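Here is the structure we will look at, set down as structure tokens.
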Amino acid sequence: MPVQNKLSISYNWLSVALNLPLFSTFDYKSINSVVIGSRVVVPFGKRTLIGIVINVLERPSIDVSLVREIIEVLDDLPPFSPDWLNLLEFTADYYQRPFGEVVFSVIPAPLRSVSSYRGKKRTSASSVIKSDKSNDCISIVPSSFVDKRESILNEDQERAVNIISLLKEFKSVLLYGITGSGKTEVYLRVARNILHNSSKQILFLIPEINLTPQLEKAVRNSLADIVNDDEIVVMHSKLTMKSKLDVWSRAQNSKARVLLGTRMSIFTPFPNIGLIVIDEEHDTSYKQQNGLRYSARDLGVWRARYLNVPIILGSATPSLETWNNAEIGHYLRIYLRKKAREFSAPNIKLINTKKYRPKNGLTVPLINAIEDRLNKKEQSLVFINRRGYSPVFCCFSCYWISKCTRCTAFTVLHSDAVNKEGKLHCHHCGYCMIVPLSCPECGDQDLRPIGSGTQRVEEALVGLFPNANIVRIDADSTRRKGSTASLLNDVNNGSVDILIGTQMLAKGHDFLRVSLVGVIDSDAMIFCQDFRAPEHLFSQLMQVSGRAGRHLNGGEVLIQTSFPDHMIYKFVIDQNYEDFARYSLNLRSTANLPPYSYQALLSAESENLSTVMDFLHRSKKIIKEKVSLEFDHVSAITCYDPVPSRIVRIADVERAQILVESKHRLLLITFLKIWLKHVNGLVINKKKIRWYIEVDPLEI
Ligand SMILES: Nc1ncnc2c1ncn2[C@@H]1O[C@H](COP(=O)(O)OP(=O)(O)OP(=O)(O)O)[C@@H](O)[C@H]1O
Ligand SMILES: [Zn+2]
């Protein structure tokens with residue numbers, strides 16, 4: 001409400017969020033009324049910043065004379081809607097970050113920088129958002145690729161589409177369908193119904209940027225007769241800033257009706273969402289592991305509930321959290337039990353590496369099976385989740401092992417086929433050095449690689465099958481923009497015989513001619529301390545197995561392991577997710593682990609570990625000393641002792657953490673708010689110690 005000041009001018013008092021690491025918002029005034037959600041240019045100290053109006057106040061919270069006037073209201077985009085602001089407010093509150101910092105970390109850079117609007121060549125606000133067209137966000141799939149055929153749904157799919165299409169309000173639907181059961185077709189049919197019968201928009205999240213072309217093609221194909229090509233937009237981190245801005249603007253201006261994108265897309269302002277789809281909902285890439293550590297899947301569920309629209313969570317191996325939600329009736333579970341096409345599920349077998357010793361990662365039975373597929377003119381996929389040549393480089397005289405000087409980690413040997421020289425890389429800090437000719441410790445020249453990565457397996461396969469067309473797909477071979485898409489195109493066009501790759505290949509891809517999948521070295525995850533490791537291993541093995549025999553009969557999966565009797569492989573061979581989930585949930589329940597409890601991880605880092613540990617011990621101590629005076633439910637919170645992180649030192653920074661846990665989510669969040677305020681008070685020198693909180697961490 002306008003309040004008069006001494007000069008009898010009626011001002012509107014605005015609460016404005018700024019891009020600052022502070023939990024407060026800031027008061028400003030404006031002669032004209034400003035709509036909540038507008039972006040404004042404001043003075044801040046000697047600087048000029050962009051802010052977002054989040055409230056109109058009756059009166060300012062500080063002395064009227066101190067309130068400064070906004071400089072400009074930006075009108076290049078409509079104001080952010082209240083539901084978008086609510087999503088961001090929830091995100092900030094739940095993940096314990098300042099609201100301004102959260103908002104400004106999710107909007108495209110040009111919209112948050114004053115220089116975009118008031119740079120040297122000052123332009124009008126509207127010129128930041130220039131055009132709606134001519135960007136890679138609109139179409140990266142040539143229209144000639146678009147296959148106009150429509151498949152006839154099978155019984156399970158039809159039932160799923162009918163049930164979901166009838167939902168007129170919020171419901172979390174778990175679409176639990178085995179790999180290759182045609183989940184995509186279900187999403188698309190439901191989307192078609194919504195787009196056809198209403199003016200609503202569809203937000204479609206996928207885990208992997210590399211899946212975008214394939215899914216984009218399916219989406220354009222399926223929706224071609226309902227929406228225009230330019231009403232379908234894609235969003236992912238590899239887009240140029242200009243394209244991101246364009247997608248954002250099309251979405252916010254309601255010019256887009258379908259947005260297909262990776263996790264960041266959850267924050268796109270879409271004014272009229274009618275359905276949210278989260279494909280491969282179990283995938284860990286929905287969790288951002290740095291900065292704002294959010295889960296796009298969990299925020300998707302929140303956003304759907306807030307908007308009162310259905311959300312489909314699709315997976316062949318749902319996360320145990322989601323599965324549990326279905327078990328207790330919070331989510332509606334719909335089954336797709338059969339392959340969409342009439343092909344049998346692949347046969348999964350183990351190769352005991354204690355019996356068949358691998359050479360360069362490959363055992364004889366796997367090599368024979370690859371040869372057999374070559375003879376049949378079918379493709380083989382060799383999956384090894386480790387890039388580089390070998391994970392360890394060692395002196396066989398004194399057993400020196402090459403380590404990173406900046407991290408507590410081994411360096412990985414990478415071969416450079418072009419320059420014919422090897423390099424040692426640290427995958428944690430980027431450190432890189434030329435391979436020494438002799439051992440730095442004893443001078444001996446008997447230096448050898450131990451273990452295998454994708455490059456070594458590739459080299460071995462090229463040696464074994466010189467006439468085969470072999471392609472390696474990992475983060476190193478696909479650095480060039482567009483290279484993954486073109487390699488994957490080659491795979492489906494049939495010009496590739498053997499495909500070697502990391503987890504980039506394991507999920508979602510609908511390979512037409514792959515009939516054999518070989519898995520190398522999956523044991524590493526069995527002995528990982530993280531309680532989620534078995535869940536991730538099981539889902540990874542099921543996902544990669546699901547790439548075999550999608551369009552061919554006789555699909556086969558061979559998993560090399562030294563521990564064939566391990567429980568997890570029993571479930572994998574039986575391809576029985578439900579028994580695996582039952583078994584795992586039972587263990588989690590006994591140990592009171594998620595989904596039966598909620599966790600947060602306080603991590604701290606500094607140049608030396610003792611400073612970090614001391615800080616964390618003090619952080620724990622203040623729970624009793626201070627937090628308990630303000631929070632009545634401290635007994636509902638378990639705070640474990642500080643421990644050094646799994647990799648203690650990365651890039652010369654030492655790290656440690658404290659885990660806190662509660663059976664009650666709300667209590668945990670309330671506790672964190674109070675606790676972190678006191679934790680912050682412990683930091684005297686921000687340069688000496690840095691800390692952050694991660695709510696619902698995926699790795700502990
Ligand atoms: N009703 C149908 N008739 C014929 N083919 C179908 C049908 N539904 C889907 N398909 C085809 O079956 C293949 C597998 O479908 P899709 O990729 O959607 O499976 P998915 O359930 O997502 O599998 P994954 O979990 O492995 O990603 C695709 O080639 C798809 O075009
Ligand atoms: Zn390093």
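Heads up, residue numbers simply count up from 1 along the chain you see.
Cβ coordinates come from backbone N, Cα and C, glycine included.
Noted in TrEMBL for the protein shown:
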DOMAIN    164-336  domain 'Helicase ATP-binding'
BINDING   CYS395, CYS398, CYS439, CYS442  Zn(2+) 1 binding site
BINDING   CYS404, CYS407, CYS426, CYS429  Zn(2+) 2 binding site
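The structure, with features from TrEMBL marked on it.
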residue: CYS395; record: Zn(2+) 1 binding site; CB count, 10 Å: 21
residue: CYS398; record: Zn(2+) 1 binding site; CB count, 10 Å: 13
residue: CYS404; record: Zn(2+) 2 binding site; CB count, 10 Å: 24
residue: CYS407; record: Zn(2+) 2 binding site; CB count, 10 Å: 21
residue: CYS426; record: Zn(2+) 2 binding site; CB count, 10 Å: 21
residue: CYS429; record: Zn(2+) 2 binding site; CB count, 10 Å: 17
residue: CYS439; record: Zn(2+) 1 binding site; CB count, 10 Å: 19
residue: CYS442; record: Zn(2+) 1 binding site; CB count, 10 Å: 13
Query = Which of the three DSSP-derived classes (helix, strand, coil) applies to CYS395 (Zn(2+) 1 binding site)?
reply = strand
Message = With the Cβ atom as the reference point and anything under 6 Å counting, tell me which of the binding-site residues (CYS395, CYS398, CYS404, CYS439, CYS442) are near ligand 2.
response = CYS404
Key: Three-state secondary structure, CYS429 (Zn(2+) 2 binding site) (per DSSP)   = coil
Task = Would you mind reading off the Cα separation of CYS426 (Zn(2+) 2 binding site) from CYS395 (Zn(2+) 1 binding site), to the nearest angstrom?
result = 18
Key: Listed in sequence order, residues not in CYS395, CYS398, CYS439, CYS442 with Cβ within 8 Å of the centre of the Zn(2+) 1 site Cβ atoms   = PHE396, SER397, TYR399, TRP400, SER438, PRO440, GLU441, GLY443, ASP444, ASP446, LEU447
Environment of CYS404, CYS407, CYS426, CYS429, the listed Zn(2+) 2 site - residues of the same chain whose CB lies within 8 A of the CB centroid = THR405, ARG406, ALA409, THR411, HIS427, HIS428, GLY430, TYR431, ILE650, ALA651
Cα distance (Å, whole number) from CYS439 (Zn(2+) 1 binding site) to CYS404 (Zn(2+) 2 binding site) = 15
Secondary structure of CYS442 (Zn(2+) 1 binding site) (DSSP, helix/strand/coil) = coil
Rounded to the nearest Å - Cα separation of CYS442 (Zn(2+) 1 binding site) and CYS407 (Zn(2+) 2 binding site) = 22
Ask   = Measuring Cα to Cα, how many angstrom lie between CYS439 (Zn(2+) 1 binding site) and CYS407 (Zn(2+) 2 binding site)?
value = 20
Note = Averaged over the domain 'Helicase ATP-binding' (164-336), the pLDDT of the predicted model comes to 94
Ask   = How many Å separate the Cα atoms of CYS429 (Zn(2+) 2 binding site) and CYS395 (Zn(2+) 1 binding site)?
value = 23
CYS398 (Zn(2+) 1 binding site) and CYS407 (Zn(2+) 2 binding site), Cα-Cα, nearest whole angstrom = 22
